[in-house]
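The structure under discussion appears below in the form of structure tokens.
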Amino acid sequence: MLSKKRFLEALAIIFEMFPEAKGELHSKTPFQLLIATILSAQATDKGVNKATPALFSAYPDAKSLAVADISSIESKIKSIGLFHTKAKNIKAAAKMLMEDFDGELPKDKVLLQKLPGVGRKTANVVLGDAYGIPGIAVDTHLDRIAKRLNIVPQKASVLDVEKTLMRYIPEEKWVTAHHHLIFFGRYHCTAKNPNCENCPVLSYCKFGQERLGGFDA
């Protein structure tokens, strides 16, 4: 397993590779970020960003979305996968925000996860990006990178990956590290055809070394 010290060295290199890394979902308010993040499940940020301008123009806040006609919501997000379920979830989430939280997002992970369509990852993204509350949202990219760098077993759960990253990375860097690791996974260490040959962190990476067959992992 890669040590904490070695992982942090690799992470520092990843920070240098993508110095401008940040969330790529477009939103103007914490509520809009919540909705965009719910919509991003099993979808690309690019695809979500194409759909949300029309959605947010019609329903910019919880008050308006909570009373929106479901067919109208669906018509604005139909380009996104699972749009039937997501339309129901975002309307229900808006309604719960109005009824239980006066239309404001709670700054609490447990309370956020009570909203329809909101899991641990979504809660961490919203709290970190909207409010600067430390957390690490483990998506498919972070899960893949953690396993390729061998800081967790290959069969580790998402929660195990989150706990390990939180243990290895200083708390004040949790939110920024999340974005840098996503960029690394999205644009360099991709699921298919990762750029191992030209990877600055190859010397830290068991997966890359074994894939290239050059030297000991």
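Using N, Cα and C of the backbone, Cβ positions are placed for all residues, glycine too.
TrEMBL annotations:
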- 39-187: domain 'HhH-GPD' (DOMAIN)
- CYS189, CYS196, CYS199, CYS205: [4Fe-4S] cluster binding site (BINDING)
(request) Note the Cβ centroid of CYS189, CYS196, CYS199, CYS205, the recorded [4Fe-4S] cluster site, then list each other residue of that chain whose Cβ lies within 8 Å of it, in sequence. (result) ARG148, HIS188, PRO194, ASN195, VAL201, LEU202, PHE207, GLY208, ARG211
(request) With DSSP as the reference, give the number of residues of the domain 'HhH-GPD' (39-187) in helix, strand and coil. (result) 100 helix, 0 strand, 49 coil
(request) Might you list, by sequence position, any residue in that chain lying six or more from CYS196 ([4Fe-4S] cluster binding site) with a Cβ less than 8 Å away from its Cβ? (result) LEU202, CYS205, PHE207, GLY208, ARG211, LEU212
(request) Under 8 Å Cβ to Cβ from CYS189 ([4Fe-4S] cluster binding site), same chain, six or more residues apart: give me those in sequence order, or none if nothing qualifies. (result) HIS141, ARG144, ILE145, ARG148, ASN195, CYS199
(request) Provide the three-state secondary structure of CYS196 ([4Fe-4S] cluster binding site) computed with DSSP. (result) helix
(request) Let me know how many other Cβ atoms fall within 10 Å of the Cβ of CYS199 ([4Fe-4S] cluster binding site). (result) 18
